[in-house]
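The block underneath contains the structure these notes are about, expressed in structure tokens.
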Amino acid sequence: MNRPVSIGIVVLVVVAGLFGPMVLGGAAAERGDHGSPAVSAPSTTAVTASSDDIGSGDFDTTTFDITVHENGSATWTFRYELRLDEGDGSATQENFEAFAEEFESEETGMYVQFREQAVAMVDGNDQTDREMEASTFNRSATVDGQLNSMGVVEMSFQWDGFAETDDGAVVVGDVFQDLYITDDQSIAIQPGGDLEFQRAEPEPDYVGASLSDASSIQWSGEQEFLDGQPHAVLEEPDAGSTGDSGTLSDGTIAGDSPLPWALALFVLALGLAAGAVWYRRSSGDTVGSSSTATGPTDDSKDNPGTTTRDDTDEHATADPLSDEELLTDEDRVVTLIRENGGRMKQVNIVEETGWSKSKVSMLLSDMEEDGTISKLRVGRENIISLEGFEPEATKSPFDE
């Protein structure tokens, strides 16, 4: 199985063919390693006369915009900005406008190369078990601003199968490897449709009171990413709700500024710990008071058995936490799966626990990494199994 294609290699090829040498590639390429690239770089000769006029200067900024959709597809837009000169240099507005007219009206070699490399990037990424396709290609070249004019080139395509969809959650990141961006480059992710950000790694820049309120998150260079990063989890806002009451499926209450799920789990764990301490202390106090009350007092002599009835009433009115409430989330999932024969559909775990889909998805991913459970993708379902209860990979246990 080949490793994921580093998107930087493709971008390096495209930019080199556009406007001369620029640096964006996998970390290995930046460090000068000489391993075979997943996508080979073609010649960087000038494509047309107009692009040759612009080609002597580099772009000032480069942004890779990724709009993620509910079905796991993504619209990729490569945006390049060039500050136009007012003098007689090659990067004048007149030269750029001539280039833009040709770029938008003809299938220039530069645009053809972009499409070919985008297809190669998608076809080469077979690390996942998702079907992928590059389609819906578009291009534009415009001049923005009257003062301090900028030449802007945008090329875009739709990447079907870009992100993983997991019971309502859309997870971005498994296609990235060895990604490195320079100080004039950035990567931005926008949620499409009704999606909202739930988690992002490494910590991105965004505008808003919280990550879920952000309309876009961005990472700027110079930066080298770990494999699988940038990583983002998106979900529709009502995926964990149970109606208009504002009570989420994991038992938390939605307010004007809902807590992030990690903070909510922390609060829940803190509450359970406090409950456990209260339960032990209240039990100890009750035993102590019972021993004192059963000593030789006048009331106990005159009314034998009264103290015992009072203690029984006190225990009956107390409401200690159940054993299930004292379990960790992992223990609760293991118990639930064991009660259902050693394996369950992930969607059924969501229904049984009442937790949100994203919480269950991330919890199961952590448990899989720890070796507590195993996950098998069967069609559109995830089958979660304890050790020794794994189904055959080629057959769903629920088809029987």
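Any Cβ shown, glycine's included, is placed from N, Cα and C.
Source: prediction; values computed, not measured.
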Listed range which TrEMBL flags as region 'Disordered', given the options 30-52, 53-75, 375-397: 30-52
PLDDT averaged over the residues of the domain 'DUF7345' (66-191): 88
The domain 'DUF7343' (326-386) - residue tally per DSSP class, helix then strand then coil: 32 helix, 13 strand, 16 coil
